[in-house]
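Annotation comment: Swiss-Prot describes Lys60 as active site, proton donor. According to Swiss-Prot, the feature substrate binding site maps to Asp10, Lys31, 58-67, Thr117, Arg179, Gln188, 208-209.
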Amino acid sequence: MKDLPIIALDFESKEKVNRFLDLFDESLFVKVGMELFYQEGPQLINEIKERGHDVFLDLKLHDIPNTVGKAMEGLAKLNVDLVNVHAAGGVKMMSEAIKGLRKHNEHTKIIAVTQLTSTTEDMLRHEQNIQTSIEEAVLNYAKLANATGLDGVVCSPLESRMLTEKLGASFLKVTPGIRPKGASQDDQHRITTPEEARQLGSTHIVVGRPITQSDNPVESYHKIKESWLV
């Protein structure tokens with residue numbers, strides 16, 4: 001996978017995606033999430049790949065093991081670069097996801113969501129009834145993902161250093177919640193700058209609104225890219 005900031009294509013239509021991608025004359029690493037995939041379907045993935053871009057298909061699969069395994073068989077045929085599941089689905093579900101993916105595809109990386117970057121300590125305790133710190137909850141899910149054979153996790157950059165120490169540098173830490181200095185944090189809570197994420201051990205960062213909603217998306221992307229790759 002490219003060592004580039006992953007741009008979250010948080011658009012509701014193919015037309016808006018194409019207008020955005022037309023601004024760039026280089027190969028990108030982009031994320032397609034639920035909103036866009038459910039609106040436009042697999043054909044959009046094929047079109048983005050044909051443009052030469054890497055794709056992270058961010059659907060966060062979470063269901064019974066058999067359903068997730070069968071769903072992953074279908075997604076494997078899209079030949080994206082990165083897919084994910086929810087670690088909360090458990091070891092059996094994650095194992096079936098790997099089996100489904102590998103029936104048709106050997107190169108796509110698969111990672112697990114631990115805790116969303118919008119989650120706070122209060123939400124963890126009072127809504128999820130998990131009576132540990134966010135760091136401990138993330139580490140527990142990351143250990144399960146690692147033991148199951150997944151390539152890494154989605155986590156906050158604030159947990160990246162801990163996960164590198166516990167699970168090694170090669171274990172992927174894909175981190176949303178990235179904001180340039182001075183940018184609005186929107187609905188994210190556990191956030192850092194691109195430079196801080198690199199220093200903390202994140203292997204990939206995901207950036208959406210600071211690029212896609214910028215007055216000059218190309219300039220904003222290059223500034224974030226430069227700060228990430230230093």
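Quick reminder: no glycine exception, Cβ is built from N, Cα and C everywhere.
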**Request:** Ten-angstrom check, please: count other Cβ atoms within 10 Å of the Cβ of Leu59 (substrate binding site), all chains counted.
**Result:** 17
**Where Pro65 (substrate binding site) sits in the secondary structure, as DSSP reduces it to three classes** = helix
**Prompt:** Long-range same-chain neighbours of Asp10 (substrate binding site), Cβ under 8 Å, sequence gap at least 6?
**Reply:** Gly33, Glu35, Leu36, Gly208, Arg209, Thr212
**Message:** Going by DSSP, is Thr117 (substrate binding site) sitting in a helix, a strand, or coil?
**Reply:** coil
**Nonlocal neighbours by CB distance (under 8 Å) for Lys60 (active site, proton donor), same chain, sequence gap 6 or more** = Met34, Asn84, Val85, His86, Val113
**Asked** Name the residues of the same chain, 6+ apart in sequence, whose Cβ is under 8 Å from the Cβ of His62 (substrate binding site)?
**Response** Val68, Val85, His86, Ala88, Gly89, Met93
**Prompt:** Counting every protein chain present, what is the number of Cβ atoms, excluding its own, within 10 Å of the Cβ of Pro65 (substrate binding site)?
**Reply:** 18
**Fill in**
So Gly208 (substrate binding site), by the Cβ count within 10 Å over all chains shown, scores 19
**Around the Cβ of Thr117 (substrate binding site), the count of other Cβ atoms that are within 10 Å** = 23
